């Protein structure tokens, strides 16, 4: 009986490493990579040979080589977002690194993109169908809190247009509006809160009207 094919790796389970040395393949199945290259490991079902991708090429790598001769990158998407490194971010997403993964602070890559003012990164993350806008980190801050606090009105506008919530409070009970450090951010947030408030009021009135008509 032939061995069943390995299960596909779920997004977010991809392991990412930076090669410390160049690896010269001995067979056509093996993956060539150079010192400093980023390697995405997608299949670790075989304990001896792992399947990986590097610079768009896929092949096998001895697992002991990766363990001993490569440096693990725990949150590559976060690192790319923090640095504003668009090409690396795209590469991570292409290699199925999970878009909503959390770092030790409980923050997403989107949070760090907003914190750093990297609008182009935010726009690419928004192309991911399941991107989580309202994830709160260990301090209770969302991506909207970060953008407002750092004063990036263009990013605040992007987040609001995408549907980010303005009513979430952090651990200090502060809304994104309370964190806004400039008038442009505050104005956008006030306007959105007023719109949301009016919509909530309208929904409540509709509900009461429906009850009256029963």
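Any Cβ shown, glycine's included, is placed from N, Cα and C.
Quantities reported herein were computed from a predicted structural model and do not represent experimental measurements.
What Swiss-Prot annotates here:
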MOD_RES   2  N-acetylserine
DOMAIN    12-71  domain 'SH3'
REPEAT    72-101  repeat 'ANK 1'
REPEAT    105-135  repeat 'ANK 2'
REPEAT    139-168  repeat 'ANK 3'
MOD_RES   200  phosphothreonine
MOD_RES   202  phosphoserine
MOD_RES   213  phosphoserine
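Residues 105-108, 110-117, 119, 122-123, 126, 133, 174-177, 179-182, 184-186, 188-189, 192-193, 196 of the same chain, all 6+ positions outside the repeat 'ANK 3' (139-168), place their C-beta atoms under 8 angstroms from a C-beta of that stretch.
With DSSP states grouped into helix (H, G, I), strand (E, B) and coil, the repeat 'ANK 3' (139-168) comes out at 18 helix, 0 strand, 12 coil.
In terms of DSSP secondary structure, the domain 'SH3' (12-71) contains 7 helix, 28 strand, 25 coil.
Residues in the repeat 'ANK 1' (72-101) partition by DSSP class (helix H, G, I; strand E, B; coil) as 17 helix, 1 strand, 12 coil. With helix defined as DSSP H, G or I and strand as E or B, the repeat 'ANK 2' (105-135) counts 16 helix, 0 strand, 15 coil.
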